[in-house]
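Listed in TrEMBL for this protein:
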type     : residues                     : note
DOMAIN   : 5-152                        : domain 'Lactate/malate dehydrogenase N-terminal'
BINDING  : Arg92, Arg98, Asn131, Arg162 : substrate binding site
DOMAIN   : 157-318                      : domain 'Lactate/malate dehydrogenase C-terminal'
ACT_SITE : His187                       : active site, proton acceptor
Amino acid sequence: MKAPVRVAVTGAAGQIGYSLLFRIASGEMLGKDQPVILQLLDLPQAQTAVKGVMMELEDCAFPLLAGMVATDDPEVAFKDVQVALLVGARPRSKGMERKDLLTANAEIFTVQGAALNKVADRNVKVLVVGNPANTNAYIAMKSAPDLNPKNFTAMLRLDHNRALSQLAAKTGKPVAAIEKLAVWGNHSPTMYADYRFATIDGQSVKDMINDHEWNRDVFLPTVGKRGAAIIEARGLSSAASAANAAIDHIRDWVLGTNGKWVTMGIPSDGSYGIPKDVMFGFPVTCENGEYKMVEGLEIDQFSRDCINVTLNELEEERAGVAHLLG
Ligand code: NAD
Ligand code: LMR
């Protein structure tokens, strides 16, 4: 039996938490042979609800669930964790843009970044889901100077999965057949889902679709505004699909992608003209617990324009929180 991995989940009493925890405990994230200890963080007023979720987790009798901790103290939740899913934040409600959430949530991520810096495992893999995810991940990274910045990531995988589904519907092919999709930039309507390199059974998806207007006027707005469409329809932001994307992100990072491209929000190393440290969606492959950016892709003018829009938004967000980072 492997030694258990300590996994922190913040916002454990929330709707994403409720879709996420049971799948982590059942082995869908780290493997069917990997025991886990769940370290659950939420606000003081949510502790009773967290206890309820823990009772349900117990009642599943998951063989891989080796322990659970509930707390409102980040330094307890993050103690020795090897994986940290930072979900807890204020979600967007009808009519709100992600930017409105910026300052409300920025403070949470300075505190949590500092706590990770102090008590987490030195190789902790951090995924920020709470919005605005890229900027929150940037704040957490900057608040944790003793940890490797590469270990802080933001969730673009939901955008990636949304784009895959739209492309599968358009081409009439199974999602699993689509390779080499990339999503650039911010987890927001400005993200640029780019299928210029994508293939299905070796054939170019761009050639199969061959419709620039569909790309610009239908595909990109559909993927970009999907979060708002779900809020409009459900009255609540996406939860099960977000939890699913978080599972995909960490599973691929830890267990590898076998050469397949996936999208992760990672601190830029300066590639593709994205300034160093900007937390940006890039195509990556994962192997041996590390991600590697897909390099050397050609960026045409349409793509450069789209990338600049999402980069400008991220730079504005970054400027908006600069005062909090000292
Ligand atoms: P929710 O309101 O149902 O749950 C949030 C939970 O976080 C609550 O239990 C709340 O008490 C807790 N919380 C708030 N502040 C906290 C703090 N400082 N420390 C610990 N816990 C705290 O929200 P949800 O639907 O689960 O969504 C969570 C976040 O995920 C939101 O920011 C939402 O916008 C975001 N989200 C991101 C993506 C993505 O693709 N990146 C997708 C969907 C939702
Ligand atoms: C989503 O994309 O579904 C989430 O980020 C929720 C939101 O606010 O759009």
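Each Cβ is built from the backbone N, Cα and C atoms, and glycine gets one as well.
All annotation found in TrEMBL is predicted automatically rather than curated by experts.
Keep in mind it's a predicted model, so treat the numbers as computed, not measured.
Features as recorded by TrEMBL, highlighted on the structure.
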{"residue": "Arg92", "record": "substrate binding site", "CB count, 10 Å": "18"}
{"residue": "Asn131", "record": "substrate binding site", "CB count, 10 Å": "25"}
{"residue": "Arg162", "record": "substrate binding site", "CB count, 10 Å": "22"}
{"residue": "His187", "record": "active site, proton acceptor", "CB count, 10 Å": "31"}
Query raised in the report: Measuring Cα to Cα, how many angstrom lie between the residue listed as 'active site, proton acceptor' and Asn131 (substrate binding site)?
Result: 8
Requested in this report: With the Cβ under 6 Å from ligand 1 as the test, give me the qualifying entries from the binding-site residues Arg92, Asn131, Arg162.
Outcome: Arg92, Asn131
Query raised in the report: Which three-state DSSP class does Asn131 (substrate binding site) fall into?
Result: coil
Query raised in the report: Reduced to three states, what secondary structure does DSSP give His187 (active site, proton acceptor)?
Result: coil
Query - Helix, strand and coil counts within the domain 'Lactate/malate dehydrogenase N-terminal' (5-152) (DSSP) - result: 66 helix, 28 strand, 54 coil
Requested in this report: Can you see whether DSSP assigns Arg162 (substrate binding site) to helix, strand or coil?
Outcome: helix
Report task. Of Arg92, Asn131, Arg162, the binding-site residues listed, which put a C-beta under 6 Å from ligand 2? Please answer none if none do. Result -> Arg92, Asn131
